[in-house]
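Copied from Swiss-Prot, the annotated features are:
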{"type": "DOMAIN", "residues": "8-43", "note": "domain 'EF-hand 1'"}
{"type": "BINDING", "residues": "ASP21, ASN23, ASN25, GLU32", "note": "Ca(2+) 1 binding site"}
{"type": "DOMAIN", "residues": "48-83", "note": "domain 'EF-hand 2'"}
{"type": "BINDING", "residues": "ASP61, ASN63, ASP65, MET67, GLU72", "note": "Ca(2+) 2 binding site"}
{"type": "DOMAIN", "residues": "119-235", "note": "domain 'Calponin-homology (CH) 1'"}
{"type": "DOMAIN", "residues": "263-374", "note": "domain 'Calponin-homology (CH) 2'"}
{"type": "REGION", "residues": "379-624", "note": "region 'Actin-binding 2'"}
{"type": "DOMAIN", "residues": "393-503", "note": "domain 'Calponin-homology (CH) 3'"}
{"type": "DOMAIN", "residues": "515-624", "note": "domain 'Calponin-homology (CH) 4'"}
Amino acid sequence: MAGKISKEELEELREAFGKVDLNGNGFICDHELHDLFKEANLPLPGYKVREIIQKLMEEGDKNKDNMISFDEFVSIFQELKSGDIAKSFRKAINRKEGILAIGGTSELSSAGTQHSFSEEERFAFVNWINTALEHDPDCKHKLPMNPNTDALFKAVGDGIVLCKMINLSVPDTIDERTINKKKLTPFTIQENLNLALNSASAIGCHVVNIGALDLREGKPHLVLGLLWQIIKIGLFADIELSRNEALAALLRDGETLEDLMKLSPEELLLRWANFHLENAGWSKINNFSHDIKDSRAYFHLLNQIAPKGQKDGESRIDIDMSGFTEKDDLKRAECMLLQADKLGCRQFVTSTDVMSGNPKLNLAFVANLFNKYPALTKPENQDINWGLLEGETREERTFRNWMNSLGVNPHVNHLYGDLQDALVILQLYEKIKVPVDWNNKVNKPPYPKLGANMKKLENCNYAVELGKTKANFSLVGIGGQDLNDGNPTLTLALVWQLMRRYTLNVLENLGDGQKVNDDVIVSWVNKTLSQAGKSTKISNFKDKEISSSLAVLDLIDAIQPSSINYDLVKRGSLSDGDKLDNAKYAVSMARKIGARVYALPEDLVEVKPKMVMTVFACLMGRGMKRA
């Protein structure tokens, strides 16, 4: 499809696609198109905008999944090149607020393509990174960066800053011993970028359209897109009930803990802000864009959460509310940010970002406020079933991160709750090449108030039917009702088979369609180890010897000779700590040589057969690319 247009046009379209795809999941949906036209302030009547969006969705959404993929986006432009609709669409894209167009420097753009990115995001992310990594000796050669220049896009080029930011968002994701830090060469830089991208994927970032070369060249829209995902994961990490029980203070009358657990981090943040605004006697807000533009809600929020000096060792911080009555919106925003600075929270937004209602940066600003000063007390006297707050298991987190890394929409925050209408599962079927009849068999949101659950249940029934009839999964005793109920064991059984098939498909594509199963992988592993003169071998994915990670480390060294520093590898009689050290090194090294491993070090130490299988399968995929 893309072959009919020039490389330059294709690159330009990729930029445009990135501007419309607000949540960065690789697809455009109708509400993103609405937001685009709203932001662009084009002189078009409302009915005309609706007509254009309807036409774009009709023309572009070839597989009728209510989303436009990049390929579909390209075909729209080919089909609508000269029409009024295409012109309006292009105007909307080019007028999107806060977009800075720069002449590109890559080969694709040498003919004058414009790369576009948000200056506001660059400014915000640079300041956040400068603060976060200020005392890291490994980043001294890059920091502090000037937020008003392109320093950021150069700074990420060797992969070190990206690796460090990933570890700040999800500690211990990357074993520091595997980051190349000294005397960097093009090869060792490539390894760092592999490590960063594969680790970002493992924590749930959608990196399908980003390659190491894009980062080395510092392509602004791709760098900012990846950084936002990494930063957001870190900001949202504790906005979750099992990690922060005081959030139960946000329960409303008649609600259970389960109701609260279904909310996304964004929804919880909004509820948190409104909880404090209500206590201040101020009207509630419905978003972090339009409703905060006048800064008044922020003034009240800061005043509510500022430490009152009533706890041991707590210093009182007084918020000066005099700026609240300032007539000028911009000056009022600046007064408010001066107060946020007293709390050490002047991050992500400038006064202009507040006044313009930049949704992404205001969300980050509020998330940072929550993390520093939640000002919530865990309710003690209410009849709350705290037993529900177990938090997700490692396996559940791995599955969730795998789904999100593939760009499913909506983003999966809670594994069971977010799969109850099966839309994510149906998207995963498409990823494993099982066709989905989006037109005739799938109900899509918004669901009707009456009978909403029936519509979701129909989707779940269809998902199970596809698994049995088209994917040939083993789904004995699993029905649509189980997915709809969020039954953990049965939902996991289906999700595991989806992930397993996805992993095996990658291998079969590399091996010219030859069928792959566990025995084929074990055989390949042992043959590769033996040919490289290694003494380790595995009998199956339950083999207790795997707990030392020596077979994994040897296999990595067999695939990429001399990549493993054996001085760092513990041998002999190993304690659990030694095994974990080896496993951390093995998982990061696998990612560094180019294997997209989702499993965690603990999975190797405990020899979890499913996750162990994915590790060896991913390494086999990397080894087959070498052959």
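Every residue, even glycine, has its Cβ placed from backbone N, Cα and C.
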On the three-state reduction of DSSP, what should I expect for MET67 (Ca(2+) 2 binding site)?
coil
For ASP21 (Ca(2+) 1 binding site), what is the secondary structure by DSSP, using just helix, strand and coil?
coil
Here are the binding-site residues: ASP21, GLU72. Which has the lowest count of other Cβ atoms within 10 Å?
GLU72
Counting across all protein chains shown, how many other Cβ atoms sit within 10 Å of the Cβ of MET67 (Ca(2+) 2 binding site)?
22
Looking only at C-alpha atoms, tell me how far ASP21 (Ca(2+) 1 binding site) is from MET67 (Ca(2+) 2 binding site), rounded to the nearest Å.
10
Whole-number mean of pLDDT values that fall within the domain 'EF-hand 2' (48-83)
68
Counts by DSSP class (helix H/G/I, strand E/B, coil) across the domain 'Calponin-homology (CH) 1' (119-235)
76 helix, 0 strand, 41 coil
Residue counts in helix (H, G, I), strand (E, B) and coil for the domain 'Calponin-homology (CH) 3' (393-503), per DSSP?
64 helix, 0 strand, 47 coil
Within the domain 'Calponin-homology (CH) 2' (263-374), how many residues are helix, strand or coil going by DSSP?
67 helix, 0 strand, 45 coil
